[in-house]
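Below: the structure, in structure tokens.
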Ligand SMILES: O=P(O)(O)OC[C@H]1O[C@H](OP(=O)(O)OP(=O)(O)O)[C@H](O)[C@@H]1O
Ligand SMILES: Nc1nc2[nH]cnc2c(=O)[nH]1
Ligand SMILES: [Mg+2]
């Protein structure tokens, strides 16, 4: 049974820090794959994590209609109830014929897949893309770039800062 006193990050154990450069490259690689799956009438970014990849993908694919769906589940690193903070707009739903056909949903990652599942229920025919995917959430994603193990915590560049790293011989991991 999962230890409820540990955060999701602590349970993960392994760290996968991603730099801005790396993230930009991975988003561009994602766009190459999405180019064959489109065209898309609009992008729906799952905020907040989906905002940065959505901006890069929109720029590369020339998509100018961008909507958001606001979902929060992690309080920093602890997953709680899923909260819909902002629904998809009526205009976007109409563009996707009510089912999401021809629409692209973008998020930074899937982990347990709970967020993805909720958005998929809103737009079952939309194309779902993430930059990173963990095995539990992977079946819910149509297109992604890099798979990381379930026990990995991904650190995004907007959540981190450069800091001193102790040398290996002083006990650094
Ligand atoms: O597959 P899951 O286990 O549902 O986790 C994935 C979701 O968790 C993170 O969002 P978070 O809820 O932390 O909010 P944020 O995007 O505002 O950081 C991430 O951006 C995904 O949206
Ligand atoms: N930053 C970050 N947020 C998450 N939310 C769910 N899993 C993760 C993860 O691995 N990294
Ligand atoms: Mg998110």
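Each residue's number is its place along the chain shown, starting with 1.
Cβ coordinates are placed from backbone N, Cα and C, and glycine is handled just like the others.
What TrEMBL records for 19-163 is domain 'Phosphoribosyltransferase'. Taken from TrEMBL, the feature 5-phospho-alpha-D-ribose 1-diphosphate binding site covers 48, 49, 107, 108, 109, 110, 111, 112, 113, 114, 115. Among the features that TrEMBL reports, Mg(2+) binding site is placed at 108. Taken from TrEMBL, the feature guanine binding site applies to 111, 154. The feature GMP binding site is assigned by TrEMBL to 111, 112, 113, 114, 115, 153, 154. According to TrEMBL, the feature xanthine binding site maps to 111, 154.
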For this session: Work out how many Å separate residue 153 (GMP binding site) and residue 108 (Mg(2+) binding site) at their Cα atoms, rounded off.
Result: 13
Seminar exercise, completed: In whole Å, the longest Cα-Cα distance within the recorded GMP binders 111, 112, 113, 114, 115, 153, 154 is 17
Seminar exercise, completed: For residue 154 (guanine binding site), the same-chain residues 6+ apart in sequence with C-beta under 8 angstroms from its C-beta are 16, 18, 108, 109, 132, 148
Seminar exercise, completed: Reading the DSSP string in three states, the entry for residue 114 (GMP binding site) is helix
For this session: Enumerate same-chain residues with a sequence separation of six or more from residue 113 (5-phospho-alpha-D-ribose 1-diphosphate binding site) and a Cβ-Cβ distance below 8 A; give 'none' if the list is empty.
Result: 136, 137, 138, 139, 140
Problem set entry | Same-chain residues at least 6 apart in sequence whose Cβ lies under 8 Å from residue 115 (5-phospho-alpha-D-ribose 1-diphosphate binding site) | 46, 71, 73, 82, 107
For this session: Output: those binding-site residues from 107, 108, 112, 114, 115 whose CB lies less than 6 Å from an atom of ligand 2, in sequence order; none if no residue fits.
Result: none
Exercise. Looking only at 109, 112, 114, 153, which of these binding-site residues has the biggest number of Cβ atoms within 10 Å around its Cβ?
Worked result: 109
Exercise. Rounded to a whole number, how many Å is the Cα of residue 114 (GMP binding site) away from the Cα of residue 48 (5-phospho-alpha-D-ribose 1-diphosphate binding site)?
Worked result: 15
Exercise. When you tally the Cβ atoms that lie within 10 Å of each candidate's Cβ, which of the binding-site residues (107, 108, 111) has the highest tally?
Worked result: 107
Exercise. For the domain 'Phosphoribosyltransferase' (19-163), what's the model's average pLDDT?
Worked result: 95
Exercise. How many whole Å apart are the CA atoms of residue 48 (5-phospho-alpha-D-ribose 1-diphosphate binding site) and residue 112 (GMP binding site)?
Worked result: 17
Seminar exercise, completed: Of 48, 111, 112, 153, 154, the binding-site residues with C-beta less than 6 Å from an atom of ligand 1, in sequence order, are 48, 111, 112
Exercise. For the domain 'Phosphoribosyltransferase' (19-163), what does DSSP give as the number of helix, strand and coil residues?
Worked result: 48 helix, 47 strand, 50 coil
